[in-house]
Amino acid sequence: MAETPSTTGYDYDLIVVGGGSGGLALSKQAAKLGKRVCVLDFVKPSPQGSTWGLGGTCVNVGCIPKKLMHQACLLGEAIEDAEKFGWEVEKANIKHDWSKLVMGVSDHIGGLNFAYRVSLRENNVTYLNAYGVFKDAHTIECTDKKRKVTTLTAEHFVLAVGGRPKYPDIPGARELGITSDDMFSLPYAPGKTLVVGASYVALECAGFLTGLGYDTTVMARSIFLRGFDQQCAEQIAAYMSEHGTKFLRRCVPLSLERIEPEADSATGRHRIRVTWEDGLANEPGSDVFDTVLFAIGREAVTSTIGLEALGLKANASGKVDAPLEQTSVPNVFAIGDVINGRPELTPVAIQAGRLLAKRLYGGATTQMDYANIPTTVFTPLEYGCIGMAEEDAIALYKEENIEVFHQYFQPLEWTVAHRPASTCYCKLICNKLDNMRVIGLHILGPNAGEITQGYGVAFRLGATKDDFDMTVGIHPTCSENFTTLDITRASGLDPGAKGC
């Protein structure tokens, strides 16, 4: 296709800095509205040399490979259950091949990278594999992998650079540790692994590593899943502990030290001695691992893109203030993880990007609604939620003004396999001051994401407890438990699992 001419005196009507899910969605929407659009995307290698193609974190080193590895664990659990359902399983012959898993995941991601490039071309969007640095509000300098420098101008810019994992400032961390940037393409089986952090990334990775049979320990400084419901977070950790993941709580790493290759090394490469401060034992701890994975948070990739030339300031995590996606520079906008105080979720960036393009070029006025975003944590016991955590609801409305309905339940699929009855859990948090409107929904159990998604619509429509009660459930499913909740926390009654 011939390139769309710019409708201004600049090289492009819009340059999007960042080729992740949000940036790609926005660029294609703007092009469909007749604008000349360019996407700049360049991935700097991780300290361990990992890099990837077009598509951003979610596709390459986030949601997609994470869920595929989670699925590998679910298949392992299904094999364990199969015998109870009549399948004759030769357990002695069952083993997992890390290299085959990585190859399968990488092949799928490679296909997605190619599809994104084709989609940009079909939508008449220019793609440059180049790193952009702002020179002023309408000018950006682009450097490609051959160090060729090109200067481009645009009427509008959108920051869609996303984020990268943080490393702790301790000896050996960057030299010997890895992050989620490296985990999903690791060229060797991880072996005995230490996961440092209590984020959802930390628990998800620890979960699938344990499920694949690796000796896995999680080191957490404080609470698990900060920002999520803490009752549910603790239940996730308890489930993981019961299924083999070890935990070091109130511990902080102090140093990593390389140990030369040893015959008993699980990876055949080198081993790493980790020393940490133990807040419970009040003395240092130490152990040797094959892999150390840091999952202690992320920071936006803004420190080297020339924000100072725009007069924009980023916070300590590299994020900028952008109410309604508008920065303090009139022609510069932002979407996704780079915005301060917004959910770091791929669908959020995609939705915000499309809506921004329609406002800029299509005459639309609809703003992104960041409230009540459904999300799921793909830990071994999956966790889906919408709205407020219980402790946040109490802090905002006071305990006497909320009602919590809750219940443990046993999925039918777990009965024949003799899995525990009171492990899966659901609860609704309701606001007594607003006609018992549901302000928080939480579920721990299989297919939590599939369950939670549909209730996102109910939240947008302001569903009340009566609306849930009047909804006829689908039997036998996990989701139907939300339509029959009648035990409140205040009642003190046992919310243990009930029969059909």
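First residue shown is number 1, and so on along the chain.
The backbone N, Cα and C atoms fix where each Cβ goes, glycine too.
Because the structure is a prediction, the values reported are computed rather than measured.
As annotated by TrEMBL, active site, proton acceptor applies to His475. Among the features that TrEMBL reports, FAD binding site is placed at Lys67, Gly132, Asp337. Marked as NAD(+) binding site by TrEMBL: Gly197, Ala198, Ser199, Tyr200, Val201, Ala202, Leu203, Glu204, Gly297. Per TrEMBL, domain 'FAD/NAD(P)-binding' is recorded for 12-353. Sequence annotations record features per position, and here TrEMBL assigns domain 'Pyridine nucleotide-disulphide oxidoreductase dimerisation' to 373-484.
Residue counts for the domain 'Pyridine nucleotide-disulphide oxidoreductase dimerisation' (373-484) under DSSP, helix first, then strand, then coil, are 42 helix, 33 strand, 37 coil. Taking the Cα atom of each, Ser199 (NAD(+) binding site) and the residue listed as 'active site, proton acceptor' are about 34 angstrom apart. Here the candidates are the recorded positions Lys67, Gly132, Asp337, His475. The one whose C-alpha lies nearest to that of Leu203 (NAD(+) binding site) is Lys67. When Cβ neighbours within 10 Å are tallied across all protein chains shown, the highest count among the binding-site residues Val201, Leu203 belongs to Leu203. Note: the Cα of the residue listed as 'active site, proton acceptor' and the Cα of Gly197 (NAD(+) binding site) are spaced 39 Å from each other. Distance from the CA of Gly297 (NAD(+) binding site) to the CA of Gly132 (FAD binding site) is 24 Å. Neighbour counts of Cβ atoms within 10 Å were compared for the recorded positions Lys67, His475, and the top value is held by Lys67. Distances between the Cα of Lys67 (FAD binding site) and those of the binding-site residues Gly197, Val201, Gly297 are shortest for Val201.
Those residues noted as binding NAD(+) (Gly197, Ala198, Ser199, Tyr200, Val201, Ala202, Leu203, Glu204, Gly297) have their most widely separated CA atoms at a distance of 14 Å.
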